[in-house]
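Student: Encoded as structure tokens, here's the structure I'll be asking about.
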Amino acid sequence: MFLAALSFAYFSKALSGSYMKSTITQLERRFDIPSYLIGVIDGSFEIGNLLVIAFVSYFGAKLHRPKIIAIGCVLMSFGTFLIAMPHFILGRYKFQSSVRASMNSTTTFGPCPASSAEFTQAGCEQESSVSMWIYVFLGNVLRGIGETPVHPLGISYIDDYARSENAALYISCVQTISIIGPVFGYLLGSLCAKIYVDIGYVNMETITITPGDARWVGAWWLGYLIAGAITLMSAVPFWFLPKSLPIPVDKQLNYRPNDQMKFVPTLKSLLGSPVYITYLCVTIIQFNSLIGMVTYKPKYIEQHYGKSASKANFLMGMVNIPAVALGMFSGGVVMKKFKLGVMGAAKFAFGTSLLGYFLSLFFFAMGCDNAKVAGITMSYTGVEGLSYQQPSLFSECNSGCLCSGSDWDPVCGENGITYVSPCLAGCTSSTGAGKNTVFNQCRCVAVTGAGSQPSNLTASLGHCPIRDSCDTMFPYFLFLSVITSFIISLGGTPGFMLLIRCIKPEFKSLALGVHTLATRTLAGIPAPIYFGAVIDTTCLKWGNTTCGRRGACRIYNTTAYR
């Protein structure tokens, strides 16, 4: 019963953790914040963990372990519900658009304002609503606090009361089920990203953007309510489990409850082991790269290959995570089959890491050109070249309009080039309504149409379709992604066994504790922040909030991002 309850707890915490990763771009757009702040939010889970890990590790074993785990699961669920709360406090999501949904299809209106008064922003947001991401941060800290007792107290309970020959099998069952959690987490993320954020509150006919648009925000809050409910359910069985179970016969002779070891001499002895210190440094470096990559990989797929958030999350859940799980399992099989000792495990883990690293270098070759956006990745005359400057958005062809350079309301000209807004495309009229709006007499479309002159000078809503070269490259990217994930994961189990075998048995729990503490402090917290900050430097066009503050990034320099 304890094993089933713990497996379900592991599943629910892995599900909500991976769902958090899947909502990265949704949160970025909804709260109009840059990637480094998303990194701060993501790292807050580890901050919550670190606040109580020492207390839980020291006192947890002496108290009623199942009930402590139950309290942890309840805290995790409350944290998950808290993350969803801003959706119910904030107003409806407003995105910049030149389309007037209320007008019928026979009426035309000019997207080109004649005076600056026509594009002044109304309804400036309160600063309090801008800081709503603080609730997400605090909710994630609470999730981290709640998660702390589940692993050390759950595993030690199994180790204490299961027969020696069964303990390893039981622990592997728990670990396997925890790998299934992220699959469902990313699939839930994929499902929610397809649904519009204010579903049920707005008429979907009036929504003129699609899930592939840089302004689209999915129903991110819905998944947190589902994940929170599942986590709350996982707490129930632990309230009814006993504090202790009968000790198996093979452990009774060696059973010494709560052996007290002097902390400082033990820690000194542990940190004096060269193998342990080397392993610690290696895993800190590896975890920095892995955590950074996993956090931003769906975002990379979206930005680089033009996939929607829903598609990126689906691929992470159905392709990448199973490859990792298979790699970890296969690593254990290889160890058992070839009876690898400490040295064999070290060589195997090193070999797989090195091979994975060399294969990762091929990602540089799997590039796509930047999307053709007038005034950002090419000039209005059709000359390619990047521009981070706002004045380059203005040209002679749109000089008759008083356009705003801070808007992001892309339209696709019939020449295959994207313009930042209908106004900046020099369009003077429009027909149709809602998603069927077509902009006419777009002067810039004629200027940028290198070679053949477009006939109608029209532009339609949204980005121009992704480049063909990108669509052919994407399956290769996905294949290489699966292969590298599998190979790097192969070394996971031998590496973990190396950690356990290179130290004295009585130092085992302290060694694991120090390892967890070090990797979370030096990798889990900083990696998403500095990866996010570096990604922010590759932004070509920032969005703006209604108060004129810098918002989320709309388009990246894909070469620099890669």
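Here the Cβ of each residue, glycine as well, is placed from N, Cα and C on the backbone.
Sharing the features that TrEMBL gives for it:
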DOMAIN    2-562  domain 'Major facilitator superfamily (MFS) profile'
TRANSMEM  40-61  transmembrane segment
TRANSMEM  68-90  transmembrane segment
TRANSMEM  167-197  transmembrane segment
TRANSMEM  218-240  transmembrane segment
TRANSMEM  276-294  transmembrane segment
TRANSMEM  314-335  transmembrane segment
TRANSMEM  347-368  transmembrane segment
DOMAIN    391-446  domain 'Kazal-like'
TRANSMEM  476-500  transmembrane segment
Student: I need to check the long-range neighbours of the transmembrane segment (167-197): which residues 6 or more away from its ends have a CB within less than 8 Å of a CB in the stretch?
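Tutor: Beyond its ends, the transmembrane segment (167-197) has Cβ neighbours at 3, 6-8, 10-19, 21-23, 26, 30, 87, 93, 154-155, 158-159, 204, 207, 211, 216-223, 226-227, 298, 308-311, 313-314, 316-318, 321-322, 324-325, 328-329, 332.
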Student: Write out how many residues of the domain 'Kazal-like' (391-446) are helix, how many strand and how many coil, based on DSSP.
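Tutor: Across the domain 'Kazal-like' (391-446), DSSP assigns the residues as follows: 13 helix, 11 strand, 32 coil.
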Student: Considering every residue in the domain 'Major facilitator superfamily (MFS) profile' (2-562), what is the mean pLDDT value?
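Tutor: Over the domain 'Major facilitator superfamily (MFS) profile' (2-562), the predicted model scores a mean pLDDT of 86.
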